[in-house]
């Protein structure tokens, strides 16, 4: 019986031949394997940039918040933020109902309690602090406008509390009927929340170097504080 003569076909440009019959596949497979193993990838000249460490991202975010956006230093930001303690301390007496309903509010403002006690311990202390802020900061042209503008907003916010204070404490005292009592409590809670949110927003904006524009007082503060 005649030996099978496997016919060969050209299979690639590399000159490799594979047999159509299974007789001559062994050497061809070995040769192909050697060719594949012999090919080595050229070393890449491009080096990947090192990945940014995720641990440094909070530091970068914190630094971006405290960047010098308005050309003022951090001392000026603290001076601009401190006057907002005035409306906050004057607005805390309106929190008596909401602190009873939600005790966590009382715990949140517990660090301010000693300052509030000192502030209300002397009869003329609020008035003296008011004059000190208005004459020492708002009318002090040597300070940046950023500082004087926020101090003026804090002063005007404190002035806004005078009218509801007179109405709630002298004119409209705690009613006896249920509907009137609910309205009375709602008025107290609204005044406290408005004052606390505005004060916190003003202080936070000052500390990060942003200009805060509070409702009801921003336009008046713009008019009162001029660049000299």
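Using the three backbone atoms N, Cα and C, a Cβ is placed for every residue, glycine included.
What you see is a predicted model, and the numbers here were worked out from it, not measured in a lab.
Residues or ranges marked as transmembrane segment in TrEMBL: 78-97 (among others).
Sequence annotations record features per position, and here TrEMBL assigns transmembrane segment to 117-137 (among others). Within its own chain, the transmembrane segment (117-137) is flanked in space by residues 79, 83, 86, 89-90, 143, 147-148, 151, 154-155, 158, which lie at least six positions past its ends and keep a Cβ under 8 Å from the stretch.
Residues annotated as transmembrane segment in TrEMBL: 149-167 (among others). Away from its own ends, the transmembrane segment (149-167) comes close to residues 79-81, 83-84, 86-87, 90-91, 130, 133-134, 137-138, 187, 191, 195, 198-199, 202, 205-206, 211-212, 214, 216-218, 220-222, 224-225 of its chain (Cβ-Cβ under 8 Å, at least six residues beyond either end).
Per TrEMBL, transmembrane segment is recorded for 187-210 (among others).
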Next item on the list: Mind checking which residues of the chain, 6+ beyond the ends of the transmembrane segment (78-97), have their Cβ under 8 Å from one of its Cβ atoms?
Entry: 105-106, 109, 112, 115-116, 119-120, 126, 129-130, 133, 137, 143, 146-147, 149-151, 154-155, 157-158, 161, 165, 168, 185, 188-189, 191-192, 194-196, 198-200, 202-203, 206-207
